[in-house]
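Have a look at the structure below before the remarks.
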């Protein structure tokens, strides 16, 4: 049976200017976890003159979810943001495509090192016909230059390319030490800051592996890691597409409610496990949630008079722990990708596990409607959107924040007659207004989302409480079980 080999690759991680740099503060730089934005010119501001409801369906969803100008401005600078790549990443990074092998004339751009063999002489002679004898080579940006048919560690045979990002690249390999099992091998650039960030992620993945020996908590587990001539390499199981990529390829048709319910239950289950082990993911978004198998069937939607893709298996895995933070570690001021960032982070009031709960609420809305709930890239506008959709920000949060420049006499400073103000007024409405139906299960979903989107993190529902919510009463026994046949042991 065909199994999709693509991993996630939303788009590159670049920032358009230092103004929009997000995740790590300068205090984290000395810990090796500061991410650096690429130097790009800011994109043109989107038009604010049209009502959201009057924009044609596909155009509106492109503007509200897939627009590169928005998804690049406030991306998480996690080095693993393209941990599970796909062909989309290669199309969006023309300037970063691999250069061909350098000639001697251009050898000064490359760092060449003689390949070392860890096998015995007899093993080398037996496998010499399979392995390339050429030297290890990096391009000028520190990416490992590799081709299909190359081997790493005399164990991993490269059979395909899955994507490339700021952090490095992901290739599909056959693991000859485990019966030619298929793996996704993440190869980090030979650059100090990315190498150190990879070590931090490996540490988190090792902790998860220790706590989840039975592989039942739905986190992507690391099967192996090694240092290949300065390139940190992490091997993962090969999974399907990420949930955003599938949504995009389905023309942003929302997921059916039963699919939303099953994915929501798995998300709450996985993140409760992390939270119980004093770990906050901090970068939850549809790109970091992968289908185990993204095979689909095509169905005709009579209501919309179009064909839709319906994924056959809604089992998911949570990925990208490059920004995960333990309770005892330093908590940087800014975390989470803009669209999924909670108010306590914007107001710089400190954050903890409830940060992830807010992100899940935003993700569920996106699954349900096909576009993001908060489509913005600026703090003040983001807060105004929150108030339009969820009600007023609690006064005690306003009094505590250092960001008093956003407020005057206890209210947000905002000009509703500006183009931005008119856009927010026309396109943001109370949360329940987005319900597609008034049936009980839709009402229950919106009740769960509203409790996840409480302004005050102390009042926000916990994931242990969320798993008991009536919305999940409609799950089948099979959907409530978490069986795993994975064997990620090294």
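Using N, Cα and C of the backbone, Cβ positions are placed for all residues, glycine too.
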(message) According to Swiss-Prot, 162, 163, 164, 165, 166, 167, 168, 169, 170 bind ATP; which one of 140, 186 is annotated to that same site?
(response) 186
(request) Within the domain 'Protein kinase' (156-472) only, compute the mean pLDDT. (result) 96
(request) Output the one of 162, 170 that, of all these binding-site residues, has the highest number of other Cβ atoms within 10 Å of its Cβ. (result) 170
(message) Please identify, among the binding-site residues 164, 166, 168, 170, the one with the smallest Cα-Cα distance to residue 283 (active site, proton acceptor).
(response) 166
(message) As a test of the contact definition, list every same-chain residue at least 6 positions from residue 168 (ATP binding site) whose Cβ is closer than 8 Å to its Cβ.
(response) 143, 144, 186, 187, 188, 189, 194, 231
(request) Can you tell me how spread out the ATP site is, meaning the largest CA to CA distance among 162, 163, 164, 165, 166, 167, 168, 169, 170, 186, in Å? (result) 14
(message) Using a 10 Å cut-off on CB atoms, tell me which of the recorded positions 164, 283 is the least crowded.
(response) 164
